[in-house]
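Asks: Feature annotation from TrEMBL assigns domain 'Nrap protein' to 167-301, 305-444, 450-609, 626-820, 822-977, 979-1114.
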């Protein structure tokens, strides 16, 4: 809707621009002073008319094109802002609740002074939101009304956005409760927690407060907060977050220098005094919120679009899961970043929100705060730390206006690198007019499981305690006040980064969520938080290497290499004569090599961090199991697919060398999915057991024996041989077929006599060679009318031949090229097609369509990078199916990068103009911009709706299973179709299902299918085997021909043992009696009206008769219909 309205407004503007001059030509202007204004046509010479545009004119054209793209994106962002900013009604609710809370906070009386560790003054109704370890510390505490209650944060600034509306309220702790030395030994942190507990106890009895919970500010356990929600229906609309803060200026900021210690080791452990920068930052953060609000308000008042710019940046961060949790880049940092860019004049006060977002992302993409930190402080005092001192204490540095606080103190270098990477990717497709920049930037969620190629989790976080000991992190543990998860995380990340090295582009980790618990419960332990998740963005060409080659044996770095890898490091001699340290990982097949990163991670974590392999849950390739093939060494088919392509290349070379044909061969092209690596289960070389078959007496071909199981399915791999054009080719379709038949005979004789190939059986694989003449489809379209005129009419026969001999070979060679660029392309296609088959959609989404859908994920991956593993590619395939706007948008697959921007515009305009007559799923390619030949026949509207619905549910279930360690790991559940929606189930005899071993849940098989297990004997030649014989598909074709007007039939082509039947909605509508339409119908006479209805009992019986020997039983599910 948004795009449509934008297009209309642009059209209107254009028309108004062009209408004005036209009217001026036909009428006298009112201000012409009575003189008649005459227009004369400008006469241009031929050279002027066809003169190429100047450089200035080209620049103007480029600017106009860019302006249109930017204007559309700008309008879309303006619409988005209307959705995320708070309404006046919501603001009124918030203001009223804030007023109520403020009044309640001023109404309680003072309590008696007690020791900090004495909690007797608290009733049992509430708990203290703090883990008291060590148990005691010095100091006195008493409750008193707050010195002041102020709004801070995004709400008063105007940058608060939906859907998670959080309003921050600063409650100032009275100065007489605090002591100047409370910065030491967690005294202030404990008093702060006690004060919040006192507030909670006072508010818990009030009916004006709905629910109350504790949480932590950005996961920092030293900074607990109190969450208040209003009562009634408004409880889910917003949350008020109460912060307890010291009076402004109560502590000297210089006390919290990153090099100073504020936790006495004697009190905590009994060792020497290390600096405590993270502890210091926690207290400093409570000192400065009002000053930060004043600074941001002053900057915001200078830039009208500041609040909208921050809102857009917050939406961008939220979609990438970077705005919440410990060490996140939250809305406060987003505001401060934009303020930094404004104060340093990197952006102008007059810029729009669109420009502010663009410049902010550009700055993030090009600036590394882990190396060169930035500061908002202009004239800080002499006690403020320098940037180099901040860098020595923290991984990421962004200093606040006071010059004392690093606002990124809790952020890891990996999180900032992820932020930088995301900004860089966003900038790459921002100006690309072929990408829907708005949806990619701001509307597409980028979850870790869908963004990272491999994901693993650390499940038992309590093990990180021993990691801290092993890594000797006791001083850091004190700095983090005992939080061993946050203490160990940066060191584990550094260790993994070092070990994985060039195998990965990026290492990311989940941000531990802010805990939330009832005020009546104790603070949760550190081990109770969800597992830590890590994401790997792989370099596919390096990630699968099984060899880690180190420095030479006499190099100074050899000891460091051995220290990193431990016992896995050994000296090896290489072919170039070098003797170096090296680590060799296990991996014979590609599917095993893909998991080399898993071996590296588990080895390093056990060796250096004392984390056993049982605590590491690696979910990088779990889904790949559904395409594993039955071999001695498990394989997901990559090696088998390569053998097929190598055999085809060998056959192709032999065909090119053939001599003796009347016409030469102009091209040899594959037209089979196996030749582009996308066959779900690639054909395997076979050795036949000839005793299992009968032989035909004439042709000596093998025949299935009656009463024996169906023989193993042998896939014919189609190869198209185009013969050269010649004036001797006839112009009659029948004559052309005869000529082609003659060529087939000659080709067969030559293959047998010259090359000793019989029946195209090479390396145990069977190829079906088809001779083609490039003009034959055109000849089929030509006919002569009664008047003797030549007429060209398209027809199904010509389309089918063109598809088989031109479109499919071209698609096969193009997709083969994508596989050469992206090594996991074929595996993603195979997973996608296995899912489509298992969910009974393979007759609606054909193999070629599925391959094109997957190709679009690699060619236009925005906002992601191209998939680097089969699993993440499959998840994105499900997301594409379920979220793409098939009704209003064409899916454009830019094969070989042949489409220009003008082509994109033309395709979209033609699509909108002819939408009603085009297929419901429209896929455009460079050779097919207007028709969508691949989806012309299927799917229908109803089937596409079901595909979208099942894909959405499968994606939800699968992502939940992969990321939730408490789930039983059974990813095959998304490959099992729901059968309750079908009316009839036809159960098949397992012995007659030739592809039974490819089923999602293959049953145990005790019978043979005429294949010898010794594959080494697979050889060329021999008797022609039973080729392309699949009783299930033949039976399915017969059912559709006989009863296609009454029902839809579905079956999994990969070992499915059930054919499902769904009656068409109009199948049971009475129809007038006609002798030509009496098949499978019974007559019903009502008075003088004679109607016919489907004879369901006879039809069900026909199902059994047609499938005699194949059908085991017919199960009728007649809850939704009656016989």
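Including glycine, each Cβ sits where the backbone N, Cα and C put it.
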Asks: What are the DSSP helix/strand/coil residue counts across the domain 'Nrap protein' (979-1114)?
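Replies: For that range the per-state counts are 36 helix, 35 strand, 65 coil.
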Asks: In the predicted model, what is the mean pLDDT computed over the domain 'Nrap protein' (822-977)?
Replies: 93
Asks: Looking at the stretches 450-609, 626-820, 822-977, 979-1114, which one shares the most CB pairs under 8 Å with the domain 'Nrap protein' (167-301)?
Replies: 450-609
Asks: Any chance you could find the range in 305-444, 450-609, 979-1114 with the most Cβ pairs under 8 Å to the domain 'Nrap protein' (626-820)?
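Replies: Looking only at 305-444, 450-609, 979-1114, the most contacts with the domain 'Nrap protein' (626-820) come from 979-1114.
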Asks: Within the domain 'Nrap protein' (167-301), count helix residues (DSSP H, G, I), strand residues (E, B) and coil residues, in that order.
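Replies: Helix, strand and coil residues of the domain 'Nrap protein' (167-301) number 58 helix, 28 strand, 49 coil.
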Asks: Could you break down the residues of the domain 'Nrap protein' (305-444) into DSSP helix, strand and coil, giving a count for each?
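Replies: Going by DSSP assignments, the domain 'Nrap protein' (305-444) contains 73 helix, 5 strand, 62 coil.
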